Amino acid sequence: MGIYRIRKYGEPILRQKCRRVLRLASRENRVLSQMAATMYKVQGVGLAAPQIGLDEQLFVVDVGEGLIKLANPLILLKDGESVVEEGCLSLPHTMVKVRRASRVTVEGWDENEERVRIEGEGLLARVLQHEIDHLRGILIIDYVLPDEKTVDEDGLSPRKRGEKNG
């Protein structure tokens, strides 16, 4: 099974809003399986289609509770709030404190085109929201809190607010 090249910050696909998947045919299922293989290979916990160069609402997640493959996800419910440092495979060596819901209910299609509802809390809730953001063209650097780090123009070098570029 092939491994995809992960797109990095600055590539336009990462800022696009992805289109809905109309059908989960063999091609889409093959893509989801290869996305999972790629995610495991790079030791990630989630991977969204734009990160491999595809403009489709697809992602895979595994936070240690089993692999989730999802198409056309929609957040139905958010509850609670927490601020935790997050990383991203498309922004290597960058950590950003992100405020997210601590519990979510997400609905989408599984690989069999069955509508599924996933209730996640803690890390699973955070990763589901992170991957759904990718499908909307949103990156973790868009969440930089005013009193926290800011990011240099290249988006890859966190620095403290007020520091001069060297």
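Cβ from N, Cα, C; glycine included.
Nobody curates TrEMBL annotations by hand; they come from automatic prediction.
Here is what TrEMBL says about this protein:
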ACT_SITE  Glu131  active site
BINDING   Cys88, His130, His134  Fe cation binding site
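Shown on the structure are the features that TrEMBL records.
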{"residue": "Cys88", "record": "Fe cation binding site", "CB count, 10 Å": "24"}
{"residue": "His130", "record": "Fe cation binding site", "CB count, 10 Å": "23"}
{"residue": "Glu131", "record": "active site", "CB count, 10 Å": "24"}
{"residue": "His134", "record": "Fe cation binding site", "CB count, 10 Å": "25"}
Length of the line joining the Cα atoms of Cys88 (Fe cation binding site) and the residue listed as 'active site', in Å: 10
Cys88 (Fe cation binding site) - helix vs strand vs coil (DSSP): strand
